[in-house]
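Q: There's a structure below that I have some questions on.
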């Protein structure tokens, strides 16, 4: 039984250095000497044994410390030997305990150890960083001014927003936005105005949505990413974002670069200019909350689970809304739009024919296929095989149902009239299928059981899926991603795990385990193998992410690049080179020092704050200003009484030992000292605690 005692009743404040001290740390007993525990001044143990901290003793008289004994063992070993042996204890746990006990030398050594894997410049995959933009000011009136709303001399097809001002660009201050708390979103959750909510990319453009406005960046080969558009401030949080940066085969003069944002049932659409800037096209109403917003070519599509679909056609400038069955999934390929519904039907829309076949406000939505069990179609993926003849593509559709069944249906171009035929069925999930992807080489399905993933290898003959030998099971794994219950950690639409990537290439999942995580894991969608992990360079939580397939340079031999875009809670945006990560998959990195090797090197010196030893001298860099080195090999200074090198060093320098580069670097390290204002140089001390100082030597052309 532990008994509390005062400093008088407990361990005496003064005792012999060789006195044996018995400790009970978390139920495990340790015995050591007073000298071992108190050689570091102002530590937890020196305060404990001097009576400044009241003690708690167990039934045997041992001092009880309610800490982890497993972590305490390497700490006690360090106090005994001044050498660090982690003994399997994680570095962060060891650092936390060392800070608790106030063991400054050990804390500094562990902090240097952590610097091996941390850098404000990221790792080799870090490709760029965009700071938070200037936020638009809050408007004081709700009436917009008349702007350039005429398109080709005709009035705009829809009303202008009376709740939006003209494009303010970069007007306003960041502080004004952050000082004003945002109103609650339609979901009732609080909003953080400064964090990135959504990120999307298309070709060489990026759209980033904050709570009440969005910005667009354009990649230029010579100057990198440049801010191209900033929207006015909106009254409600942005919940959906879509970007179309290039429309193939578009008619001259039509909008080929557009960005759209949805909030509630309203959709706002802007046209972007290649040279920068943009203009509002209009505001469209779906009538029900928008749950999916995307472009198919130059057609803007909005859907809701209620069964309502809205389409804005860039040619006719017409907004059309139509009711179908409750929509539970969708996918698009080419000009085909497929809608999966709760009644088991898959509806087909050819958006390319909208201007030609629009009749009586009918979008010509036709039923393509109905599930044999009439289960709800909860996930859809369509794959168009390369054209092998003039007849067209072989259409392959994979879909998942609410009962966990995965089916593959195919339609040959020559049998379009007969409809798709059921090709394969997999009953491997016991929860509803939430995602599915049919690519050139793999079939991937994800169910609602903590993102359980099943994958198959797809066999093809002349580009078409084949039954010989058929699809074979490949992998089973989970992409665990916890969601926040209080709305923090970002918008759920901005934290989609994927899979990301072109269907004829390797695809990846992006895993964010906890809502406020600053680290993301990139994994192959086919096997679950880790490709890489990235951590925010500024330590802020990651609130949104996506993968961008970016066009290659015009230079000879260049190829498209794949980037991971991460939006942070502080409003910044970071970019990571996934192409390099994929190229290096499976290669063992040839790194520098290991943690064990670094600890061995640090045992030869002591670490102390540089500011305390250099006075008011400026530090060369934030990183190197943390610590300075002290000799620990002997009790005498490396420099003699007059500041001259020790005999071995003087002899080596007299003989010109070392390479030319080594001598240049040595002199360069001492050169900055010569530029400081002349001050009386203190006499070097022979104590252990003084840092090494550079030689005060006059340089001339023969110094090398």
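Glycine is treated like the rest: Cβ placed from N, Cα and C.
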Q: Which stretch, out of 672-677, 678-683, 684-689, 690-695, is listed as motif 'PXXXPR' by Swiss-Prot?
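A: Matching range for motif 'PXXXPR': 678-683.
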Q: Among 606-611, 618-623, 636-641, find the range that Swiss-Prot records as motif 'PXXXPR'.
A: 618-623
Q: Could you check which of 146-165, 166-185, 186-205 is flagged in Swiss-Prot as region 'Disordered'?
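A: Going through 146-165, 166-185, 186-205 one by one, Swiss-Prot flags 146-165 as region 'Disordered'.
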Q: Under the DSSP assignment, what numbers of helix, strand and coil residues are found in the repeat 'WD 2' (283-322)?
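A: Going by DSSP assignments, the repeat 'WD 2' (283-322) contains 0 helix, 24 strand, 16 coil.
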